[in-house]
Structures are given as C-alpha cells and as structure tokens.
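Report on one structure; see the data block that follows.
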Amino acid sequence: MSTATPRPLAVSSRGPLKGRVTVPGDKSISHRSLMFSALAVGESRVEGLLEGEDVLATAAAMRAMGATITRGEDGVWTINGVGVGGLLQPEGALDMGNSGTSTRLLMGLVASHPITVTFTGDASLSSRPMGRAIEPLSQMGAEITASPGGRLPLMLRGINPAVPITYTLPVASAQVKSAVLLAGLNTPGITRVIEPVPTRDHSERMLKGFGAELTVEDSPEGKIISIRGEAELKPQHIVVPGDPSSAGFWMVAASIVPGSDITIANVCMNPTRTGLIQALRMMGASIEEVDSREVGGEPVADLRVRHAPLKAIEVPPELAPSMIDEYPILFVAASVAEGRTVARGAHELRVKESDRIATMRAALEANGVVLEEFDDGLAITGTGGAPIPGGGAAVSKLDHRIAMSMTVAGLAAAAPIAIDDVAPVQTSYPAFFDVLDSLTA
Ligand SMILES: O=C(O)C1=C[C@@H](OP(=O)(O)O)[C@@H](O)[C@H](O)C1
Ligand SMILES: C=C(OP(=O)(O)O)C(=O)O
C-alpha cells in the first residue's frame, strides 16, 4: 500500500493549465458498486471503476468473502455475487489499507452475517475512530473487540439474525449511515437511520437501483431512511461517474493559476457532493456547467473552469457535509484569494486520513501563508492573487488529499514546495501526476 515507499516531490509553478481532463470514477460509488454487486445474485458489470488502492482494498475484501471479481482487458469489471446472507468466512484478516469507507461499510455488511472478521489498516487508518460504527452495529447484536480508543485492528463477530434498529446519527457521516443500512440488508424487518444533516446519498440511490426496498422520508428530526432486510439484490450494469472530489484539485488549480482554461469531463454533480463548487463560485470562480446529463442514476456535467480572481468568503458551515473532503483544496484557494476566508464547522476534518486542519495549517504556514487555527477549521488571509511565497516543506501524513492539495499550492507558489511524500495519491487518484503533466504540457 501507499505506506511502502515514500515519494518526495518538489512542486513549482508551471504556467497555465489548458486542455481537457476526465477524472477517475467516483470513489464512494466505486466502493459501493463492488460491495452491492458482490451481494447480488448473478453477474454485475461496472464501467469506470476507480482503480485506486482504497477501492482495490474493497475488491480484495469482497473476494475474500466469496465474490468473484475480475477486471476485463477493456477495463470493465465483472462481479459474481454471493447473495445477501451469503458472505463467507474469510481465511485471514481483511487489510483495509488507508480506506475509512471500506472499513466502516464492510463492518456493516459483516455485522449481520454469521462470520468473524478481523479488520486491519495502515498507520493512518489505525488512528481513526471506529466507535461511531461500533456503537450502532453492537446495538444490532454484533460483537466487536477493538484496539484502545475504538481503533483498528478490530475483530467483529457478526450475528444472524441481527436486530433491526432505528438509529439517529450523532455525527454527519455517510459511512456510519451506510454501515447501518448495509447491516440492515441481511436483518429481518426494517432498519432505520435518521439523518439530521444530509450527507452523500449514494448508498440510498444505488441500493434502490439494485432492487432493495428502501424509502427516504423527510421529518422534523431529519431524513428517515428505512430499508427492509433479507433483501434480494439484482445484478446491475453500473457506469461510475467522475469523482467530484478528484475534480476539485483541477477546479482550484485552474482558478488560481493565471491564464488557465480547462474542461473537466463527466463530473458527478450529485447535490450532496457539490459544496466546493458552491463555495468557489461564492469566491468568484468561473465554473461553467456544460452538457448536464444523467449517468447511472447520478447527475453529471462537464465543467469549464477559467482563471478568475478569488475573494475571501465565510464558508457556510452547512456546506460542510457536501464538501467534507474538499476543505484541504479549498484552503489552497483561500491562500490566494483577496481577504480573510473563514472556514469553520468542520470538526470532522480532524479524523480523516490525517488531522486535515493541523496538517494543512502546518503545510501552508511553512510556505508563508498567514492563517489562524480553530478547533473546527481555519481562517486564511490570502495573497490577493499574488503567488504564495512557497519555499517550505509540506508533510502529507499518509493523506492523499494533502499531497494533491499541496501540489496544487506549488503551482501557485513563488518558490518550490517540497512535499515529503506524494505516494498516497495512489489511494484515490493514481493518474494525478500524469494528468497534471498533460494539463501543463
Ligand atoms: O461514504 C463515503 O463514501 C464517504 C463519506 C465521507 O466520510 P464520513 O462518513 O466519515 O464523513 C467522506 O469523507 C469519505 O471520503 C467517503
Ligand atoms: C476521507 C476520505 O476517505 P476514507 O474515509 O474512505 O478514508 C477521503 O477520501 O478524503
């Protein structure tokens, strides 16, 4: 995995970004495509799957639990599922690598199957809190023994039949929501999740597409998502739309490097994912949607992004769930905006692949950016369009989004930024540096 060999890289400005880029398949949808196909009865096909380390960890885990998963020479993946209830006891521990999504969603799946699974991960993943998934899954009857602080490695003994619950999410987390819904798939009766703050809804959309009986209702407490268990999933042909989180790096790069004009093709525009676009537009970014359409049950568009002077904003905290993975790159945009951008209400950043508030603060500060750290975010005083000073180090802390964000910062810096390790980009965007080369050729 990406921990193996660190890859240092010094990034300097390369001039304007020009041309057209197709971003890789959405990571959230890719994980779910493999998991749900592996639980369907029969053969599913997935086009445009993200072939990053995180998703490959999910593929390996589903194989270890009985699914047959192959990649054709045309890049189309074929999955023969075992059926809901049919997951097999894996022989060894499941290595989740760097992937929180794989871990929490698979904990949910295993919880209602009569198998016992040990989950392990890299140093980053082993420092992240799993208590948020352990709590509801224990209520459903799973027995979970975790490392101190509710961390990996952990052992989960699933139960069949599990107990259906109604669970109100204490944190805005699509992973926890999905863990409970996936446990509900093989649980008799109705399992409900109440979501006070909306988060990405790919599980809901896709489970319906696979034929599960799933309903979403609005209530004063929030969205109530109900799934009827002992579901039968029907195999699907899935076309994975492009990842808006990966697109975010190019949106910001083109916005902040003078003379840039790019088109990012096939970006998933699901409203639970477009917070960065909203925030950048508030800052004055030029992002034009071209050819809006639907792909695989998700809204999709091509985005034309041209350089534009950015102005500081107060980032509305209610946008947080729809741009939670995009704060690191938003901090880079804020670093060259005119004025002081304040982004708060994003506590969750502290428990991602790294503490993304502290990691970005250190990396930007070392490169001359003026900022202030809060428990739940950063305030950043931008250069007003001038290059950021650069010339410092950036420590990526096994966090792909830090490595990519600081690369983009380097494109807008007066002196090179020395990133200690960009190998983590493999988790979500293996072609990132090839695309950068093509846009700056
Ligand atoms: O459900 C998902 O696919 C994801 C949910 C988010 O995590 P949380 O549920 O922890 O907010 C996000 O940060 C992660 O990259 C992917
Ligand atoms: C938080 C992320 O992923 P995960 O939780 O799956 O590790 C991310 O991709 O930014």
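Including glycine, each Cβ sits where the backbone N, Cα and C put it.
Just so you know, TrEMBL annotations are computer predictions that nobody has curated.
Since we're looking at a predicted model, the values are computed, not measured.
Features reported for this protein in TrEMBL:
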type: ACT_SITE; residues: Asp325; note: active site, proton acceptor
type: BINDING; residues: Lys27, Gly100, Arg128, Gln175, Arg356, Arg401; note: phosphoenolpyruvate binding site
type: BINDING; residues: Lys27, Ser28, Arg32, Ser173, Gln175, Asp325, Lys352; note: 3-phosphoshikimate binding site
type: DOMAIN; residues: 14-436; note: domain 'Enolpyruvate transferase'
type: REGION; residues: 1-21; note: region 'Disordered'
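Taking the features listed in TrEMBL, we show where each one sits on the structure.
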residue: Ser28; record: 3-phosphoshikimate binding site; contacts (Cβ under 8 Å, 6+ apart): Thr101, Ala174, Arg200, His202
residue: Arg32; record: 3-phosphoshikimate binding site; contacts (Cβ under 8 Å, 6+ apart): Leu105, Ser178, His202, Ser203, Met206
residue: Gly100; record: phosphoenolpyruvate binding site; contacts (Cβ under 8 Å, 6+ apart): Leu125, Arg128, Gln175, Lys352, Glu353
residue: Ser173; record: 3-phosphoshikimate binding site; contacts (Cβ under 8 Å, 6+ apart): Arg132, Thr199, Glu348
residue: Asp325; record: active site, proton acceptor; contacts (Cβ under 8 Å, 6+ apart): Ser245, Gly248, Lys352, Arg401
residue: Arg356; record: phosphoenolpyruvate binding site; contacts (Cβ under 8 Å, 6+ apart): Tyr327, Pro328, Leu349, Arg350, Asp399, Arg401, Ile402
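In this view, the densest Cβ surroundings among the binding-site residues Lys27, Arg128, Lys352, Arg401 belong to Arg401, judged by other Cβ atoms lying within 10 Å. With respect to ligand 2, the binding-site residues Ser28, Arg32, Gly100, Arg128, Arg356, Arg401 contribute Gly100, Arg401 as residues with a C-beta closer than 6 angstroms to one of its atoms, given in sequence order. Confidence for the domain 'Enolpyruvate transferase' (14-436), expressed as mean pLDDT, is 98. Within the set Lys27, Ser28, Arg32, Ser173, Gln175, Asp325, Lys352 that the record links to 3-phosphoshikimate, no two Cα atoms are more than 19 Å apart, and one pair reaches that distance. In this structure, Arg128 (phosphoenolpyruvate binding site) belongs to neither helix nor strand by DSSP; it is coil.
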